[in-house]
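As recorded in TrEMBL:
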type     : residues                                                                        : note
ACT_SITE : His255                                                                          : active site, proton acceptor
BINDING  : Tyr25, Arg165, His255                                                           : glyoxylate binding site
BINDING  : 78-80, Ser107, Gln128, Tyr130, Thr156, Lys231, Ser253, Arg258, 286-290, 309-310 : FMN binding site
DOMAIN   : 1-360                                                                           : domain 'FMN hydroxy acid dehydrogenase'
Amino acid sequence: MEEITNVMEYEAIAKKKLPKMVYDYYASGAEDQWTLAENRNAFSRILFRPRILIDVSKIDLTTTVLGFKISMPIMVAPTAMQKMAHPEGEYATARAASAAGTIMTLSSWATSSVEEVASTGPGVRFFQLYVYKDRKIVEQLVRRAERAGFKAIALTVDTPRLGRREADIKNRFTLPPNLTLKNFEGLDIGKMDKADDSGLASYVAGQVDRSLSWKDVQWLQTITSLPILVKGVLTGEDARIAVQSGAAGIIVSNHGARQLDYVPATIMALEEVVKAAQGRVPVFLDGGVRRGTDVFKALALGASGVFIGRPVIFSLAADGEAGIRKVLQMMRDEFELTMALSGCRSLKEITRNHVVADWETPRASLPQPRL
């Protein structure tokens, strides 16, 4: 394997290695996949305004998330069924995130259980939650995550129904027979049946609660003391309600462009959400982050950190734990370089003035102060 020099290169390797049904499940977006491309493209419409002649011999990337100190503002997003990508699946992801000194978010639909992931050793981990129709199942899951030492719940709020992912329909996607949704094993809902379309879409229709509403965010706080991150917010209106509902943080996410197509790229929606949150809770972003420059742009627009999903899955498929370690290291190195070349020595020095977005009035056309 010739040397990998950026995160995107892992996708082509994963495509070669994985069965078509599995690669398509990870790679595809909803319907026309406009938002899938836009999640990436929107970053290219934000340019830097680097500050020069600043001593950048020492750069500090550390930050805290919900009070937990991490090595960098780059965390691992929840992605489902990782053992389809590699036999070690979520175990490898947990070890790589821990080695990098950052947070892993485990999916409800993982192919390893919360207990199994906890057994890999120390590390700060969050648990992504889907709310099932049977609330007893939800309570059990949250309890188990708490007992296994998970530190927060990332509540996915953009999936009352599964988005229409046409590749999954064509491929009749289903979980390979050797795997189960480990967190639901023994509850008789760990298996996914073959369906006439996407097996996952049928599973969601049968199990996930379409009636989920803001009062359930409050209910969740009555069954757990863990902080709740609301994942899937794209508007200022919902950011305000999230804060009022007691959320500890917000993740600006369009579910990797897999739910409603033609929503904006997350980087485009970020500022509206940050403004609405008014600094009362941290705002994070996922979707389309592939470069250190993307991380810097998100922080400059007000994010407290980012989560990466597909880069983790594709590097896992390509090279297991070592692949994910390399992705996290490459992202870290690129981000540190971007900071140095922009004249920022710590995350608090990254400001809105370090970027210009093509939807703004260019500064050159504003009245200039007289010298």
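Backbone N, Cα and C define each Cβ position, glycine as well.
For the residue listed as 'active site, proton acceptor', the same-chain residues lying six or more positions away in sequence with a CB closer than 8 A to its CB are Thr156, Asp158, Thr159, Gly163, Gly232. Ranking the binding-site residues Ser107, Arg258, Gly309 by the distance of their Cα atoms from the Cα of Tyr25 (glyoxylate binding site) places Arg258 first. Taking the Cβ of Ser107 (FMN binding site) as centre and 10 Å as the limit, one finds 24 other Cβ atoms among all the protein chains shown. Taking the Cβ of Gly309 (FMN binding site) as reference, residues of its chain lying under 8 Å away and at least six apart in sequence are, in sequence order, Val76, Ala77, Pro78, Thr79, Gly256, Asp286. Note on the domain 'FMN hydroxy acid dehydrogenase' (1-360): mean pLDDT across this stretch is 95. Taking the Cβ of Thr156 (FMN binding site) as centre and 10 Å as the limit, one finds 22 other Cβ atoms among all the protein chains shown.
Reported as a whole number, the C-alpha separation between Arg165 (glyoxylate binding site) and Arg258 (FMN binding site) equals 7 Å. Around Arg165 (glyoxylate binding site), taking its Cβ as the centre, 25 other Cβ atoms fall within 10 Å, counting all chains.
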